[in-house]
Amino acid sequence: MANYFNTLNLRQQLAQLGKCRFMARDEFADEAGYLKGKKVVIVGCGAQGLNQGLNMRDSGLDVAYALRKEAIAEKRASWRKATENGFKVGTYEELIPQADLVVNLTPDKQHSAVVQAVQPLMKDGAALGYSHGFNIVEVGEQVRKDITVVMVAPKCPGTEVREEYKRGFGVPTLIAVHPENDPKGEGMAIAKAWAAATGGHRAGVLESSFVAEVKSDLMGEQTILCGMLQAGSLLCFDKLVSEGTDAAYAEKLIQFGWETITEALKQGGITLMMDRLSNPAKLRAYALSEQLKEIMAPLFQKHMDDIISGEFSSGMMADWANDDKKLLNWREETGKTAFENAPQFEGKISEQEYFDHGVLMIAMVKAGVELAFETMVDSGIIEESAYYESLHELPLIANTIARKRLYEMNVVISDTAEYGNYLFANAAVPLLKGKFMDSLQAGDLGKSVAGTAVDNAQLRDVNEAIRNHPIEAVGHKLRGYMTDMKRIAVAG
């Protein structure tokens, strides 16, 4: 199999990278109707598998789970989760031949084996669904021509997909039809019904492509969503402790600081996040973010280039073939860091203190979000896709750190995201550790910015620069569909 994207000519590559249309609410008037009365079989019962299945069943669909024989015989976690929630469970051979839609929600590294196992069992004219297009785009999986291949990609972890549905809402979602596999022209109808069944139509749906979803998803998770949070956590903790800050306080400031800071980002974009600072602190955060963007732009561009070319995917798949040697080593190294092993702080940190004492962290968020967005757009990805894969998902990932530090983030995200996270963080930490971190001033981290003097013209220009960044305009539009967003921060 060959990387699908690399088999396309330049015009085709650009067309698929740039495929992005924000769908109108009335396009989902039939909601999940197209799939009602049909059999949906989900392969895999992890976070996305279970929670999407629960939503689909509550939306009136006939949902069952196909698991490997050994998973059923040994009553593994996937079998227990499916049966405890009242779903029908069977082997591939028992359930796949009956399915109108087979939804593959296993980890990326298992996709080829799963697809090759289920394809011969699928009836003529059935549909195959994904929630991430890595197997189609990067692996280049060939699917039988009578099978329709679609994607519904919620832009949140599986737990959030369920919680938002239970609240009568949903999470923003990308949908796509593989152009090589839509023999009956029903792919979009299937994808729309599946998205509606998970509740995604209530929060906004983008009609995208497998290519655009994969390339933007990989870029977001490697850089701002995971890599920048990991690098920032390690750098900020070590800096605070080296300057005499109590390790427990430093740990709590960082662990819960990302979540508190990005809650403002979620509600009102970079503008609101920066507005939580005093005017002197805002000016300092802006200056630091501009420095960070200049230093890190080549690193962000390298990650985007390696994602576009397939270099990243080929490297990761080589590690799969080597029993995840690099991934497991990086995971072990992260577990040994001082931040991960710091004592817990029993005291209280107020919400505003996280902002006042986290000017550098705010600068890192601003720089990372803007760089990820700009780099994706410069590579042909449409602004709406770039927004969802940078700013939108950041509070959700920050929330995982608030639960159990970097360990929890790396457990919750996919192995693909975790691998890319380590690649980025392992380069970003030494890049920033020396000259930049050594140049920090009192008030950048762990203390409030001193002084009150502000130049009006400078403040005016900085405010205009923040509010006029393209991500703020597209964010304002997309957040209009998410007016019922719940508050997720739990800092204290």
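Glycine is no exception: its Cβ is also placed from the backbone N, Cα and C atoms.
Among ASP182, ASP217, ASP238, the residue that Swiss-Prot places alongside GLU389, GLU393 at the Mg(2+) 2 binding site is ASP217. Across the domain 'KARI C-terminal knotted 2' (345-485), the model assigns an average pLDDT of 94.
Measuring Cα to Cα from HIS132 (active site), the binding-site residues that fall within 10 Å are ASP217, out of CYS45, ARG68, LYS109, GLY158, ASP217, GLU389. Annotation for GLU393 (Mg(2+) 2 binding site): same-chain Cβ neighbours under 8 Å, separated by at least 6 residues, are LYS155, CYS156, GLY220, LEU225. Within 8 Å of the centroid of the Cβ atoms of ASP217, GLU389, GLU393, where the record puts Mg(2+) 2, the same chain has further Cβ atoms from LYS155, SER216, MET219, GLY220, GLU221, LEU225, TYR388, SER390, HIS392. A separation of roughly 6 Å, to the nearest angstrom, links the Cα atoms of ASP217 (Mg(2+) 1 binding site) and GLU389 (Mg(2+) 2 binding site). With every protein chain in view, the residue among the binding-site residues CYS45, SER78 whose Cβ has the most Cβ partners within 10 Å turns out to be CYS45. The CA atom of LYS109 (NADP(+) binding site) is located 10 Å away from the CA atom of SER414 (substrate binding site).
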